[in-house]
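According to TrEMBL, the protein carries these features:
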type	residues	note
BINDING	A:Lys149, A:Lys187, A:Glu218, A:Lys219, A:Lys220, A:Ile221, A:Glu226, A:Asn305, A:Glu306	ATP binding site
DOMAIN	A:153-335	domain 'ATP-grasp'
Protein chains: 2
Amino acid sequence: MLAQNSNQPLFMKSYIFTHFTRQTLHFTLFTSVSLELLLFIKMEHFYSDYKIGMLGGGQLGRMLLQAAVDYNLEIHVLDPDSDAPCKNWGTSFTTGSLTDFDTVYQFGKEMDLITIEIENVNVDALKKLQKEGTKVYPQPEIIEMIQDKRLQKEFYIKNNIPTAPFVRTETKEDILKHLDLLPAVHKLGKEGYDGKGVQLINTKNDIAKGFDKPGLLEKKIDFAKELSVIVARNKDGQISAFPTVEMVFHPTHNLVEFLFSPAEISEELHKKAEKIARGVINDIGLVGILAVEMFLTTEGEILVNEIAPRPHNSGHQTIQANYTSQYEQHLRAILNMPLGATTQHCPAAMVNLLGEPGYVGSAIFEGLEEALNIEGVYPHLYGKKITKPFRKMGHVTILDKSIEGLKKKSDEVKNLIKIIA
Amino acid sequence: MLAQNSNQPLFMKSYIFTHFTRQTLHFTLFTSVSLELLLFIKMEHFYSDYKIGMLGGGQLGRMLLQAAVDYNLEIHVLDPDSDAPCKNWGTSFTTGSLTDFDTVYQFGKEMDLITIEIENVNVDALKKLQKEGTKVYPQPEIIEMIQDKRLQKEFYIKNNIPTAPFVRTETKEDILKHLDLLPAVHKLGKEGYDGKGVQLINTKNDIAKGFDKPGLLEKKIDFAKELSVIVARNKDGQISAFPTVEMVFHPTHNLVEFLFSPAEISEELHKKAEKIARGVINDIGLVGILAVEMFLTTEGEILVNEIAPRPHNSGHQTIQANYTSQYEQHLRAILNMPLGATTQHCPAAMVNLLGEPGYVGSAIFEGLEEALNIEGVYPHLYGKKITKPFRKMGHVTILDKSIEGLKKKSDEVKNLIKIIA
């Protein structure tokens with residue numbers, strides 16, 4: 001439409017251009033107002049004051065904001081830490097609790113769409129916002145289910161998703177009733193993360209390490225590898241999966257230390273892992289991105305360990321190594337845009353940059369420059385001023401033509417970079 | 001060093017950790033204080049309050065800020081337009097003239113390092129800042145030379161860099177003295193950009209179109225293709241070149257419409273173009289990134305057309321298609337870090353999203369969603385609210401396994417997306 005008509009209402013604008021230019025949709029549009037409204041809603045993100053609110057302002061949010069620049073998106077961030085990684089990068093940054101009903105509700109009331117980069121948020125506020133017309137992706141009911149590891153496991157069972165055997169527990173004493181499950185892992189139902197809220201119970205003698213809060217006891221799995229598949233689903237139901245990756249955890253701290261993409265597994269196992277991940281997101285009906293962490297058992301079985309309804313540590317390498325990054329994919333999914341191709345350019349590794357034990361204070365990235373001398377090394381620092389033992393301060397993505405080259409470089413990078421104070 | 005010693009001065013911190021951990025440098029460091037200081041200065045970018053000032057807040061700056069997130073860099077932006085593409089994304093945004101001495105000087109005084117994303121800036125202020133100890137990359141003397149197309153051409157001649165024959169002119173009347181050069185292009189010496197300040201003089205009859213300001217008359221080149229090579233150089237003198245790309249300009253407006261990377265030229269011409277570009281940046285001694293635009297003549301000669309000392313329209317595709325993006329490369333260069341690999345993952349195209357003629361007003365990106373349905377299509381919108389005919393509103397990067405596939409997709413994208421109001 002011409003400039004002199006620009007005082008027409010926005011809806012009319014959309015209507016007219018849809019009519020004149022989307023010829024293939026012409027007839028549909030004249031018979032379906034709802035489809036037309038949908039088109040209008042989808043397009044407005046790029047040129048109007050469509051407001052997206054993000055709960056959490058950590059590194060995952062920071063990389064999401066980076067991706068959002070390319071789509072002209074207005075993203076407002078809420079985080080309890082006034083010095084969080086997102087503080088300088090969103091449209092606005094609000095300091096406040098993510099678990100407090102009023103804080104989340106008041107923040108969300110101003111938004112057209114809410115998303116999360118951490119799942120420990122007040123779900124009741126999100127449900128109320130959703131009821132009042134705000135879009136919330138991932139959906140509050142799904143966040144609520146995932147927040148509780150017991151509900152998560154029960155969901156797997158109900159949907160025939162392969163997972164390790166488990167029982168509910170209320171106290172550590174309950175473990176005594178299930179000695180047949182040992183060796184097992186005792187997990188807090190809620191609020192465990194990054195290895196917290198998880199205890200290995202090898203024998204009766206370890207029961208004292210268990211939790212006296214609602215939790216679950218899960219048979220310890222003898223796994224050959226830990227795998228992860230990141231899947232995305234938009235509102236239209238389109239599903240897309242990234243290649244299966246392989247995570248190597250720190251021997252004592254339950255944190256990903258290295259990641260290799262693609263995983264060194266057979267083509268058959270790649271297909272199986274992807275099929276499981278696609279099944280999970282489809283069964284849940286989630287809109288957004290979902291990380292599906294899995295065990296590959298020593299018997300060649302794949303079991304779902306846990307899921308996270310947000311960009312994930314096991315997808316960082318997609319920024320450099322894949323056509324579409326997990327961050328852009330999440331944005332495409334929650335805005336109901338066509339999902340991007342997940343094709344991988346070349347093998348990639350990811351090394352988490354964790355605070356060195358023994359150091360607390362202003363972070364110094366020792367050895368980073370030497371690491372940059374290695375071809376294909378890309379740092380992503382999270383803007384956290386203070387380092388603490390095992391704090392995630394950044395990560396490094398490594399590209400190489402071969403998995404062998406990657407492994408060599410990953411060890412070099414790991415040995416070169418130390419975050420001290 | 002341990003946390004309990006964290007009240008030591010920063011310099012000592014650097015000294016101690018260098019001593020204990022960089023074993024290969026141990027002896028050098030004890031005999032060379034200046035090298036040690038250099039190491040200290042380089043490392044501080046990542047954890048201290050090192051301030052980078054950027055002159056210009058347009059789309060190039062916006063993509064530079066995106067890249068800077070990964071390096072924890074504090075970047076402050078100066079731009080005359082309070083609604084410039086960078087306004088929401090830097091550490092701070094100051095509205096002010098880039099050509100006014102005092103504005104640039106006052107802004108720069110607070111910075112440790114100044115860089116640019118547009119070359120039309122006040123060079124005298126930068127020279128004064130440089131004299132007072134602020135780092136300025138690219139160097140002010142180089143910006144000054146490039147700002148004046150006459151000095152630029154004279155530099156090529158002096159350094160045996162192949163370029164089209166030309167003469168200086170002061171008025172359009174001067175063209176009459178050089179009719180032997182016709183058909184020729186009359187160019188304003190200063191402040192021409194994006195096709196402004198350039199007139200084609202085919203015959204004597206066109207002389208009225210010329211300029212009555214200092215300029216140059218350059219023999220019109222019959223070219224087969226327009227090429228560009230982006231090169232980077234850090235302070236240590238390390239030089240790195242991106243693959244040669246091929247630009248297709250709009251038939252009447254002198255703006256890049258399509259770009260293909262790598263250029264469809266022989267291996268020999270690829271080598272020749274790269275060698276010329278490396279020669280130019282080496283001869284100039286520039287620190288930062290330099291776009292070297294070239295003509296491939298119908299006789300197979302390569303002539304340098306013009307150069308730009310900043311990220312460039314002909315390097316946008318590096319964000320998705322190459323190991324290192326031109327933006328990250330510029331940051332690595334100005335901070336004297338090791339330059340990144342320029343390896344390309346797969347063939348790539350870039351389509352500029354220009355405002356459709358006939359429309360002025362709030363921009364609507366018609367057809368963008370349909371374009372996203374095509375595999376390997378990545379939009380980069382610049383956050384400009386108002387569209388005008390031929391205004392650069394964004395670009396789309398397209399990835400494909402083949403050049404043929406790219407060409408097909410580029411045409412599709414070009415036909416699908418229209419920026420109207």
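Cβ from N, Cα, C; glycine included.
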Counting only other Cβ atoms and using a 10 Å cut-off, which of the binding-site residues A:Lys149, A:Lys220 scores lowest?
A:Lys220
Sequence-distant neighbours of A:Glu218 (ATP binding site) in its chain (C-beta under 8 A, six or more apart):
A:Lys153, A:Ala164, A:Pro165, A:Phe166, A:Leu181, A:Ala184, A:Val185, A:His186, A:Lys187
Check the binding-site residues A:Glu226, A:Glu306 for other C-beta atoms within 10 angstroms of each C-beta and report the one with the most.
A:Glu226
Tell me the coarse DSSP state (helix, strand, coil) of A:Lys149 (ATP binding site).
helix
Just how spread out is the ATP site if you go by the largest Cα to Cα distance in Å among A:Lys149, A:Lys187, A:Glu218, A:Lys219, A:Lys220, A:Ile221, A:Glu226, A:Asn305, A:Glu306?
18
With 8 Å as the upper Cβ-Cβ limit, not reached, which of the binding-site residues A:Lys149, A:Glu218, A:Lys220 neighbour chain B?
none
DSSP-derived structure type at A:Glu306 (ATP binding site), helix or strand or else coil:
strand
Looking at the domain 'ATP-grasp' (A:153-335) alone, can you tell me the average pLDDT?
95
